[in-house]
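Visitor: Below is a structure I'd like to ask you about.
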Amino acid sequence: MSKVIFALVLVVVLVACINATYVEFEEAYAPVDCKGQCTTPCEPLTACKEKCAESCETSADKKTCRRNCKKADCEPQDKVCDACRMKCHKACRAANCASECPKHEHKSDTCRACMKTNCK
């Protein structure tokens, strides 16, 4: 009876160890979420775009109205948001895709595939 209990305890311990290792592995290789990391700097831009959409609801040409509104009102926030995302993507590229993305080949298919997988 004690051998059966010992075997069950051993199995439970092994399963717990395997699960902990899997969780650590999954967290270590999770893609970098640049959009999520830049939520705070991009909040004013999102609010500005929503404001433009609301103000252009009564316009006859909504598409042109929104484009002009975004260009006139949202451009400063857009630069801050773009700078945050660019910084995040550069850091992610250097950390995860250095061999696939040499200095001047950021548009190659292998580089894009690596960036898509690792830097969302």
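In case you wondered, yes, glycine gets a Cβ from its N, Cα and C as well.
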Visitor: In Swiss-Prot, Cys88 sits in a disulfide bond; tell me which of Cys34, Cys42 is on the other end.
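Guide: It is Cys34, per the disulfide annotation in Swiss-Prot.
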Visitor: Which one, Cys65, Cys69, Cys119, is listed by Swiss-Prot as the other cysteine in the disulfide with Cys92?
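Guide: Looking through Cys65, Cys69, Cys119, the record in Swiss-Prot gives Cys119 as the partner of Cys92.
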Visitor: To which of the disulfide-bonded residues Cys81, Cys92, Cys111 does the lowest count of other Cβ atoms within 10 Å belong?
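Guide: Output over disulfide-bonded residues Cys81, Cys92, Cys111: least Cβ neighbours within 10 Å is Cys111.
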Visitor: Do you know which of the disulfide-bonded residues Cys34, Cys69, Cys97 has the most other C-beta atoms within 10 angstroms of its C-beta?
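Guide: Within the set of disulfide-bonded residues, the most crowded position is Cys97.
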Visitor: Among all the protein chains here, how many other CB atoms are within 10 A of the CB of Cys65 (disulfide bond)?
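Guide: Neighbour count, Cβ to Cβ under the 10 Å cut-off: 17.
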Visitor: Which of these disulfide-bonded residues is closest to Cys101 (disulfide bond) if you go by CA atoms: Cys34, Cys42, Cys69, Cys84?
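Guide: The smallest Cα gap between Cys101 (disulfide bond) and any of the disulfide-bonded residues is with Cys34.
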Visitor: Which one is it: of the disulfide-bonded residues Cys56, Cys65, Cys92, whose Cα lies the shortest distance from the Cα of Cys84 (disulfide bond)?
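Guide: Answer for the nearest of the disulfide-bonded residues: Cys92.
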